[in-house]
Amino acid sequence: MRDIETSNDGQLDEPLGRVSIISYGSGHMLNDITSSCWFTYLLVFLTDVGLSPGDAAIVMLSGQLADGFTTIFVGELMDRFGHFKLWHAGGSILVAISFSSVFGSCVPCKLMGTNSSTLETVGYSTFATIFNVGWAVTQVAHMSMVNCMSSNPTSRVSLVSCRNAFTMVANLSLYGIALLIFTILQSVNVMFQYRWIAYVSISIGSCFVVIFLVGTKEPGSIRHCVDKSLSRISWTYWFKKVLYYQVALVYTLTRLVTNVSQAFLAFYVINDLEMSQSSKALVPAIIYICSLIVSVILQETRWSSWRLKLYFSAGAVLWILSGLGIVFLPSRMHNLMYAISIIIGAANALMTVTSISMEGVLVGEDLNGCAFVYGSLSFVDKVSCGVVLYILESYQGSTEIRSNLGTAFGYSITRLGLGLVPAVCSLLSSIVAYTMDLPDPDTRRRPLVEPLLV
């Protein structure tokens, strides 16, 4: 038995191959492509079909709360029972079934034969809740597998980097689909356009889910992540670690940066900069192309604690500069937004890859509690994003507040929200990251033998 355990430990120490890393990274494509559509177009879609900004904010908040609370409990269940791929498959089914209804017609309105705003809000909120429950299950299962698939620190970062690269591919695919549909079907009803975006996105994402399920081994087949021979790590163990709170704050602020900017970008380029309708797809596409390039470059990095903090801080500085540019960019110079998008893309990749990698450093070898860590941090992330987006969108729907801000600052809620909120979050997160006492990964481990992507 000891020889078997030693052999298994040796397998975990070995760098993962390219196929294993790529098949793992593809497992979050369905979540990523639907999430991109959710944050970029949901608020725009709901207001286009007649909901007030306040009601649209309620739909967004209901989904984020469901996501957050599901995440924390699912993380605990996965720590108890394992079977990450089974959880992943079940969550993906929920996502695929419910997402078309989120961007489809109001089902309860059709059943009741009425189009009251209250019933519309309840209908969209119900499917948003179901969608986010499935999304949370899939996300926690996928993220928790990183530390269970390999104990090699370079391989772990490569798994995260590959996951982030596929996230960028998913987002880019979404905007390509949206640009194509908005161009070809520009004379068609907006609800029909978004419905086709949802159908195509689900089809593409589901194909990658199959690739993940077929190509990725259940971690328990190599080494049981939820080791029955060891006592499970109590929640209080993590709550006593200062690093847990620091990583949680950095991760949450990073998610606020990416989600708030993504949610208000379409409003900003159309309403504030008065750009063409195609910019709703072109500007985000540029952001994600740059993020993809930077993510691939990061996979070749030999990581240490100071490099994680340095790269994260560099991304934060880039976002602060971008935020200032967004606030002060006049509409007559709107073409400069394409240049700002390049900087935003690099900043998003730097901050996202390093912040998620910090979670891996926090967990370390404590595999019996990894799902709780990822689940609890995602809970804080989802709830905080939902609340912030609710507040900003509610203010956007208030004529009095818009008028007062316009008089006081000369800027819209959208411009201030997109420019200042991510910039402030970037500043705060970089300060917290600087104060971290991150343990250095074992530098004696070998890096990946082959490059991740050719």
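Glycine too: its Cβ is placed from the backbone N, Cα and C atoms.
Summarising the annotation, TrEMBL assigns transmembrane segment to 86-104 (among others).
Summarising the annotation, TrEMBL assigns transmembrane segment to 124-144 (among others).
Annotation source TrEMBL lists transmembrane segment at 165-184 (among others).
The transmembrane segment annotation in TrEMBL covers 196-214 (among others). Long-range contacts of the transmembrane segment (196-214) within its own chain (CB-CB distance under 8 A, at least 6 residues past either end) are made by residues 23-24, 26-27, 29-34, 37, 41, 85, 88-89, 92, 95-96, 99-100, 102-104, 166, 170, 173-174, 177-178, 181, 185.
Positions annotated as transmembrane segment by TrEMBL: 242-269 (among others).
The transmembrane segment feature in TrEMBL is assigned to 281-298 (among others).
What TrEMBL lists as transmembrane segment is 310-330 (among others). Under 8 Å from some Cβ of the transmembrane segment (310-330) lie the Cβ atoms of residues 250, 257, 268, 273, 298, 301, 336-337, 340, 343-344, 346-351, 353-355, 358, 411, 415-416, 418-420, 422-424, 426-427, 429-430, 433-434, all in the same chain and six or more residues away from its ends.
Same-chain neighbours of the transmembrane segment (336-358): 143, 156-157, 160-161, 163-164, 167-168, 247, 250-251, 254, 257-258, 261, 269, 273, 275, 279, 282-284, 286-295, 298, 303, 308-309, 311-312, 314-316, 318-319, 321-322, 325-326, 329, 426, 429, 433, 436, 438, counting only residues six or more beyond its ends whose CB sits under 8 Å from a CB of the stretch. TrEMBL lists 336-358 (among others) with the feature transmembrane segment.
Under the heading transmembrane segment, TrEMBL lists 370-392 (among others).
For 412-436 (among others), the entry in TrEMBL reads transmembrane segment.
A contact between the transmembrane segment (165-184) and the transmembrane segment (281-298) is present, since 3 or more of their C-beta pairs, 6 or more residues apart, lie under 8 Å. Taking every listed stretch (124-144, 242-269, 412-436) in turn, the largest tally of C-beta pairs under 8 A with the transmembrane segment (86-104) is reached by 124-144. Residues 43, 57-58, 60-61, 63-65, 67-69, 71-76, 78-79, 132, 136, 139-140, 143-144, 147-148, 225, 233, 235, 238, 244, 247-248, 251-252, 255-256, 259-260, 263-264, 359, 362-363, 413, 417, 421 of the same chain lie 6+ residues outside the transmembrane segment (370-392) yet bring a C-beta within less than 8 angstroms of a C-beta in it.
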